[in-house]
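Visitor: This is the structure I want to talk about, given as structure tokens.
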Amino acid sequence: MPIETNLHGIHRVILAFPLSEDEHFELYCKETFFPDEPFGKFRHDKLLQKVKKTIQYFIPIFEWLPRYNLHLFRYDVLAGITITSHAIPQGISYARLADLPPIIGLYSSFVPPLIYTVFGSSNNLAVGTVAACSLLMHETLGAVVSPKDDPTLYLHLIYTSTFFTGIFQTALGFCRLGILVDFLSHSTITGFMGGTAIIISLQQMKGILGLKHFTTRTDVVRVIQAIFHYRNEWKWQSFVAGLIFLCFLQVARYVRQRKPNLFWVSAKSPMAVVAVGCLYAYLGDGEQHGIAIVGDLKKGLNPSSIHYLNFDSRYLPATIRAGAVTGLISMVEGIAIGRSFAFIKNEQIDGNKEMIAYGFMNIIGSLTSCYLTTGPFSKTAVNVNSGCKTPMANVVQGFCMMLTLLFLAPIFSYTPLVALAAIIMSAMLGLINYEEMYHLYKVDKFDFAICMAAFFGVSFGSMDIGLLLSVGLSLLRALLYVARPAACKLGRLPNTSLYRDTEQYPETMSLEGILVLQLGSPVYFANCSYIRERILRFINEEDAVTEYRTEHILLDLSGVASIDMSGIDTFIELIRVLKGKHIKLGIVNPRIEVLEKMTLAKFVDVLGKQAFYLSIEEAIQSCRFTMDTSTKEEAWGSSKTEDVV
């Protein structure tokens, strides 16, 4: 902020601004949409270098591929093969969760990973399907078209909603609107994933018990009712097999937690369950003993599904809604997971690039018989633990999945449904983060309430209800912060020139006749009335506990990022009220955005330029000088009166 020095040696604020309105708007847009200043690094390069680096920025594969070598490839091959062994049972399982043909789950682990390799910015993320979005798609579209009565139409709507997911994610990425992801807080995600894990786990009881009929609802009450309503269909053989598989998977997960170096035990366990299940179903004639299997899986690569996209007005609202909601959730989950593992490796990923990558892989995926994909936590963890170095691991996964589709797909047709149910249930049990929920309870009760709103909303209502409740509480909290901003009284610490909150530091000393207040949030129409009343209350409280009358109020606005006209009008009204109390107002260290609006609104002329200060210490010196001058004038006036008398 420009400054000048007056005759008394106290710096004054210069009320002239070097930037025009157009420059201010350009700066605002830059900070909003390009806070990382991506093109600033090569603004002084030659034209060809600028073109090259711009292409590398938007298409990350051109940045890391020229530096790629055989040493890195060895690590990526191992990681790619490992995540493929994880992706096969997971893809089949989650496709069944969405009531889709199991082969669609395998298709979705072939094309999307290749697309992400080109446009993704994370070296760690492994692409695949996720349980929460699979169930949410089934819940949203299943309410419009029954996957049992009309499976073809249902599948076409899945493709269409995946297409809308891609459009939605790509649009957010190109518009640089990654800020919208922040509206889904950590508390919301924790509660949502926990509630989703509960309902998905309960739904797997259909496979564990070998039921043929089940409810299409997802809430806990209806699912439990359905389990006992169809108890005459329970098959003990299926239950025993499911219990064995589940125990094996949980033991493998426990081994990984206790011995991180043995991560491969957990990574290979789903494939081991599928292999054992297939052998039992094939050699032991499992279907005759109540063990249902997946059924026919045809060999061949992804067929085109462009002509299957359905934009019929009867189904368009449901497909758009499913695409937008699942797109937002999958995007938040994928970016959060990518950032978490990038932080561990001291790397960075670009949220907007990730949105574009997710969008492209879902658009192209919807045209190649895939459904929604993102970066699942389990696969990404396996990828990192397997030693991946670059996104090339996703290419290896895609190549291995291609071989599976061409030659091995029919083998997995013997996969028992109970094995898939056990795999899903085991994965979901790991998503219920009890420790984090307890941590939220200890640290912040409101965050805990937000988490529980998502958890119980999803568990006993629906996934939409859980999200709406949790996001609604989060927005309410944000509005409360805006409507009731932080304000505190400052005092000077002994033997220093530091001014701190008097409640936090009781040893601070009050200033005779001077009240220093600090505001810590933007001043808007929503909170300006509260700020005015709070300032007047501070005055009354100060006058009640001290023997000195308040003569000066200093407002430290260093924490006020912005102000609107309602806020400025409130300050003008405050000046009038304080003038009636013979109190002068001073403004300390206003930010340039605030000061500019105050100047344009003529507030500076109303208050006076001399009432603006760069620091609290200088403001207090000025106030004391004024008070001393007034005292001397009063004393001189009194002595003159006595002489006359």
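Each residue, glycine too, has its Cβ placed from N, Cα and C.
Keep in mind that TrEMBL annotations are predicted by a computer and have not been checked by a curator.
As annotated by TrEMBL, transmembrane segment applies to 153-172, 179-202, 236-255, 262-283, 320-344, 356-374, 417-434, 446-476. According to TrEMBL, the domain 'STAS' annotation covers 504-623.
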Visitor: Do any residues of this chain, six or more beyond the ends of the transmembrane segment (262-283), have a C-beta under 8 angstroms from a C-beta of it, and if so which?
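Guide: Counting only partners 6 or more residues beyond its ends, the transmembrane segment (262-283) has Cβ contacts under 8 Å with 82-83, 85-86, 88-90, 92, 241, 245, 248-249, 252-253, 255-256, 291, 293, 381-382, 385-386, 411-412, 414-416, 418-420, 422-423, 426.
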Visitor: Near the transmembrane segment (417-434), which residues from the same chain, at least 6 beyond its ends, have a CB less than 8 A from one of its CBs?
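Guide: For the transmembrane segment (417-434), the list is 89-90, 92-94, 96-97, 131, 190, 193-194, 196-198, 200-201, 204-208, 210, 238, 241-242, 245-246, 249-250, 253, 270, 273-274, 276-277, 291-294, 377-378.
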Visitor: Helix, strand, coil residue numbers for the domain 'STAS' (504-623) per DSSP?
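Guide: Grouping H, G, I as helix and E, B as strand yields 59 helix, 22 strand, 39 coil.
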